[in-house]
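Annotated features in Swiss-Prot:
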type	residues	note
BINDING	Cys29, Cys209, His234, Glu238	Zn(2+) binding site
BINDING	Lys269	ATP binding site
MOD_RES	Ser270	phosphoserine
MOTIF	31-41	motif ''HIGH' region'
MOTIF	266-270	motif ''KMSKS' region'
Amino acid sequence: MTIHIYNTLTRQKEEFVPLEENKVKMYVCGPTVYNYIHIGNARPPMVFDTVRRYLEYKGYDVQYVSNFTDVDDKLIKAANELGEDVPTIADRFVEAYFEDVTALGCKHATVHPRVTENMDIIIEFIQELVNKGYAYESEGDVYFKTKEFEGYGKLSHQPIADLRHGARIEVGEKKQDPLDFALWKAAKEGEIFWESPWGQGRPGWHIECSAMARKYLGDTIDIHAGGQDLAFPHHENEIAQSEALTGKTFARYWMHNGYININNEKMSKSLGNFILVHDIIKQYDPQLIRFFMLSVHYRHPINFSEELLQSTNNGLERIKTAYGNLKHRMESSTDLTDHNEKWLAEIEKFQTAFEEAMNDDFNTANAITELYNVANHANQYLLEEHTSKVVIEAYVKQLETLFDILGLELSKEELLDEEIEELIQKRIEARKNRDFALSDQIRDDLKERNIILEDTAQGTRWKRG
């Protein structure tokens, strides 16, 4: 079964054939680290971490690069407002980013390059563009000469005449054409800066990714990915810079994930309708948030609400409960062989259907449907009077494998009997104090861990589900 990817560049699904057999070069645009990320910012890391995991499952060696923009107008503004320097703020929010996305099940990239650690190659890249006639200096700034690049607009599918019609030169800009964009910005008084052939300054946003992608992955990469808001102008400008310099295709497959909406309106810091990952993972299990995000195809928008999150949690718990029941039945199962082939054949069908979904442009929504199907089928098998260890192990292994591909975990560490008794005692005390909210919370927490409570006249009994 071959993998097909929807390529933004061609607006169609294409068979995925990497440049090098069994190797994938993948670049995902990372955050500007001036604040905590919101759940809209967290969607690309989760989506493309899942893409990476599936490619690795299929046997590819994935070189996964995701950058940090650690110098930028937003960082400079934050530094001025807080009375701190830019590196201090950047370091703080790089660490916060790692805490958030690690909680959400994302693996670290092969490389996480930072702009400030790659200034030499960025300046060199700009100088080469100037030498080739694709860029020009203007009073300390350097701009890309868009009209010199014939393919401009091909990613966003916009004719250059239409783009130019809607563009304008802002006050203070020193460019020749409204579509020209900054590669290097002259430093203003009091701003952080680096020395360059054009004077003191810092790079523009777009050039950073082109330079770092080239350094770590080469002139041509297999997959370039990010949120759909980056397609224009950021990714369009990356293509122009990179292909003008090398004369080669910059990226062969372009992937873009959809927005997250709050009440049908795009979530963004500028609108103030955002939910920080830093906050929501204190309220909800990060694994639930990831499962919720993957329940929708990555190119589709997600309308976020706590009601939908709770509904998704119910489904996730059904799968986890089935898994827990399978694990507990393992002990009492036998080496029975009757009818094994029938059940094992059905299990294999679920595996095939899961892979077919993922091969179809990483359709995690359909893949998760197969997780529900596995759980439902396993529950039917558990109704059998006698169960086979071989079949039970096949269900368990399949659920573990599929969850791992999606970056999800199936179970928390099992509670010891003494820990359960302690929690029951706390619940009894809470009920005596008429703290029914705490009592219910303890009961629900135990239920999530597959511990069922039964209140009787003789006291509270418990059993593993």
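Each residue's number is its place along the chain shown, starting with 1.
Here the Cβ of each residue, glycine as well, is placed from N, Cα and C on the backbone.
What you see is a predicted model, and the numbers here were worked out from it, not measured in a lab.
Distribution of Swiss-Prot features across the structure.
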residue: Cys29; record: Zn(2+) binding site; contacts (Cβ under 8 Å, 6+ apart): Pro44, Ser66, Asn67, Cys209, Ala225, Gly226, Gly227, Leu230, His234, His235
residue: Glu238; record: Zn(2+) binding site; contacts (Cβ under 8 Å, 6+ apart): His206, Cys209, Ser210, Ala213, His224, Phe250
residue: Lys269; record: ATP binding site; contacts (Cβ under 8 Å, 6+ apart): Asn35, His38
residue: Ser270; record: phosphoserine; contacts (Cβ under 8 Å, 6+ apart): none
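Cys209 (Zn(2+) binding site) is surrounded by 28 other CB atoms, counting those within 10 A of its CB over all protein chains shown. A simple way to gauge crowding: the CB of His234 (Zn(2+) binding site) has 17 other CB atoms within 10 angstroms, across all the protein chains here. Excluding the listed site residues Cys29, Cys209, His234, Glu238, the same chain places Trp205, His206, Glu208, Ser210, His224, Gly226, Leu230, His235, Asn237 with Cβ atoms within 8 Å of the centre of the Zn(2+) site Cβ atoms. For the motif ''HIGH' region' (31-41), the DSSP-based tally of helix, strand and coil residues reads 3 helix, 2 strand, 6 coil. Here the motif ''KMSKS' region' (266-270) has, by DSSP, the following mix of helix, strand and coil residues: 0 helix, 1 strand, 4 coil. In the predicted model, the motif ''HIGH' region' (31-41) shows an average pLDDT of 95.
According to DSSP, Cys209 (Zn(2+) binding site) is assigned to a helical segment.
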